[in-house]
Amino acid sequence: MAMAELSTPKTTSPFLNSSSRLRLSSKLHLSNHFRHLLLPPLHTTTPNSKISCSVSQNSQAPVAVQENGLVKTKKECYGVFCLTYDLKAEEETRSWKKLINIAVSGAAGMISNHLLFKLASGEVFGPDQPIALKLLGSERSIQALEGVAMELEDSLFPLLREVDIGTDPNEVFQDVEWAILIGAKPRGPGMERADLLDINGQIFAEQGKALNKAASPNVKVLVVGNPCNTNALICLKNAPNIPAKNFHALTRLDENRAKCQLALKAGVFYDKVSNMTIWGNHSTTQVPDFLNARINGLPVKEVITDHKWLEEGFTESVQKRGGLLIQKWGRSSAASTAVSIVDAIKSLVTPTPEGDWFSTGVYTDGNPYGIEEGLVFSMPCRSKGDGDYELVKDVEIDDYLRQRIAKSEAELLAEKRCVAHLTGEGIAYCDLGPVDTMLPGEV
């Protein structure tokens, strides 16, 4: 049974200072923000009180520190996340794996609202993998983050053992093994692509530095916030201590949409579509690859004989899917994006089925396709299920596909020049061109 200890000097105060908090080892951590207690006053205490909440003899509560006459603990929490659990002491949890730390930025947003519960349920990392969620938000979203934590608490997920929330990436990213970076500024009316690249680039430069400083040395990073390819490049360039191949830009939603469109055209269920690749940037220059994709094990071009549709209508249908969804529903694709994040992570922690592959935006150094190095480019990958991947070598690239890939490559090179001041590669120069290639529904 949990036991709370109050260590109090002789001098007393009529109430527990509102900046004091119970310390939870499976915890909710409010970084840079101090929340009023949800509990009534306990005992009289003083600014020098030490408060702990524990179910293990060896757990140690942080000492409360005095600042301008107020007590502030370095870590904070509430509710069930305050309890310290010895997972090896219970028969049910003894066989569980070691707890892993997962950071999510933009944690108060709609995508995260769908994603966090999938992570906590065990759907992503498995039914024997306990997790700690580290939720990064802003000062403006801190109350919403508390609401998210309350919903996670009420959901009674056995595998969810810790929840921290905060606004400082240097604290939130401490010791994380996975970082899912969703938070980014949306594109406002009249905002140029170059402005968006710079504004969001600064966010991801800061987060890259924080990951470099605080995260696990082998942390896996999935960048979702747009423009995700170049944001991932900025992030990895600011994290030199982390292997560049550990950074990913999310293009799995594009892959899922492409599979859906091919299945619809062929009149089959979408699980019959395999070997789907999205090449290049997460933009209208992306290249859904029908040349190497298969339906029921057969080349797509043998199943779908309308080759004009493949070359024109297919790509357009993938690119415009997000915009069409907004027209129909009045909101962007948060739920399907969350599902694609789950798919992207599971593709790295689950062995790839024999003969198949998946798409993810990764660093191009050493690629076998002749794509310019120093970019984050979506390419076909396989994984052994250990969190790492290898590029697929046995793919066909004809002249048509090569020309399309080159167009996306040129766009990413232009974006890279535009953020050179954020990657440490010189003075920025923007020559993005007059055509707006941001995907509909993601501006």
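Don't overthink the numbers, they just go from 1 along the chain as shown.
Positions of Cβ are set from backbone N, Cα and C atoms, glycine also.
Non-local neighbourhood of His282 (active site, proton acceptor): Asn226, Pro227, Cys228, Asn229, Ala249, Leu250, Thr251, Asp254, Gly361, Ser378, Leu439, each in the same chain, at least six residues away, with C-beta under 8 Å from its C-beta. According to Swiss-Prot, the feature active site, proton acceptor maps to His282, an assignment based on similarity to another entry.
According to Swiss-Prot, the NADP(+) binding site annotation covers Gly106, Ala107, Ala108, Gly109, Met110, Ile111, Ser112, Asn200, Gln207, Val224, Gly225, Asn226, on the basis of similarity to another entry. According to its DSSP assignment, Gln207 (NADP(+) binding site) is helical.
Among the features that Swiss-Prot reports, substrate binding site is placed at Arg187, Arg193, Asn226, Arg257, with the record citing similarity to another entry. In the three-state DSSP classification, Arg187 (substrate binding site) falls within coil.
The ubiquitin cross-link annotation in Swiss-Prot covers Lys213. Counting Cβ atoms from all protein chains shown, Lys213 (ubiquitin cross-link) has 13 others lying within 10 Å of its own Cβ.
Annotation source Swiss-Prot lists disulfide bond at Cys77-Cys82 (among others).
Here Swiss-Prot flags Cys418-Cys430 (among others) as disulfide bond, drawing on similarity to another entry. Of all the Cβ atoms in the protein chains shown, 17 others lie within 10 Å of the Cβ of Cys430 (disulfide bond).
Summarising the annotation, Swiss-Prot assigns transit peptide to 1-52 and lists sequence analysis as the type of evidence.
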When a 10 Å sphere is centred on the Cβ of Ala108 (NADP(+) binding site), how many other Cβ atoms does it contain? 22
Counting distance between Cα atoms, which of the recorded positions Met110, Gln207, Cys418, Cys430 is nearest Arg257 (substrate binding site)? Met110
Enumerate same-chain residues with a sequence separation of six or more from Arg193 (substrate binding site) and a Cβ-Cβ distance below 8 A; give 'none' if the list is empty. Pro227, Leu432, Asp436, Thr437, Met438
Per-residue Cβ crowding (10 Å cut-off), top of binding-site residues Ser112, Asn226: Ser112
